[in-house]
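According to Swiss-Prot, the Zn(2+) 1 binding site annotation covers 61, 63, 139, 210. As annotated by Swiss-Prot, Zn(2+) 2 binding site applies to 65, 66, 210, 268. What Swiss-Prot lists as active site, proton acceptor is 65.
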């Protein structure tokens, strides 16, 4: 089952010729979701071929570089005769402000746009085999991050062991893998735990939006396959990072290390690094044992299962 992240906007508050403002597109099989929607996001979606068929948009906070692309995107969806509803999620208490922006700049789209308030710890999406959970972050506006967390998968079926126990190839294999005991012709009962391994973890992708480093992020991002973290500045601007409620690359790397994340994507890169983000990447590499990288706009990352 595919899980893929496309970085649509990786710049800080100011866009550059190389990087747009904040937006991340996530596709999990047929589910398409957008995390933040900075100015120009719809053009990035056109450039990088994601399409507009998103069903949900998760907004971390209501600063312009995270929301000003939403009215234009909704207007284009409307021009394209969209009928399917769009659910938009914002920090609790901010619904009216976002609705005002939509109504003022996009008019009233002809398709349903549901604006929902979200609180820390809330399960925003509860699907059959994954959920999206909100968590509080530390910025100078009410802000949330979001984590996509897949359910555990069945353990591996040990065909060789099943055959040793006398289980005939066929439907009984499927029954055992589904967690059902089976009875053989001689009356022997084979239990699933005899031939099925321990449950295997699903995947986890965590997006912080703008934030200072927090213990809450460490908890949510534990064993994350991909942590997408604010890394606006390098350490030589640590005071500015603290003053503006952002993180340095080293701070993001420390969070990823403490969470034992597998990969760290450094985003919301200040325009001062527009020509050369290597100080950000190098700083994170020095502090994080996993893979740390500064994605370019348009980069797509496939998320394999942890045991692959």
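Using N, Cα and C of the backbone, Cβ positions are placed for all residues, glycine too.
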Point to revise | binding-site residues: 61, 268 - member with fewest neighbouring CB atoms within 10 Å | key: 61
Study note, to complete from the structure: Other than 65, 66, 210, 268, the chain contributes near Zn(2+) 2 (Cβ within 8 Å of their centroid) the residues 12, 13, 21, 22, 36, 38, 60, 61, 63, 209, 230
Review point. For residue 210 (Zn(2+) 1 binding site) and residue 66 (Zn(2+) 2 binding site), what Cα-Cα distance in Å is obtained after rounding to a whole number?
Key: 9
Check your understanding: What kind of secondary structure is residue 66 (Zn(2+) 2 binding site) part of, going by DSSP in three states?
Key -> helix
Practice item. Pick the one among the binding-site residues 65, 210 whose Cβ has the fewest other Cβ atoms within 10 Å in this structure. Key: 65
Exercise for review: May I have the list of same-chain residues other than 61, 63, 139, 210 whose Cβ is within 8 Å of the Cβ centroid of the recorded Zn(2+) 1 site, in sequence order?
Suggested key: 60, 62, 66, 137, 140, 141, 143, 209, 211, 245
Revision key, fill the gap. Same chain, |i - j| six or more, Cβ under 8 Å of residue 139 (Zn(2+) 1 binding site); the result in sequence order is 61, 209, 210, 211, 212, 245, 246
**Study point:** Alpha-carbon spacing, residue 63 (Zn(2+) 1 binding site) to residue 268 (Zn(2+) 2 binding site), which is rounded to whole Å
**Key:** 13
Practice item. Could you say which of the binding-site residues 63, 66 has its Cβ with the most other Cβ atoms inside 10 Å? Key: 66
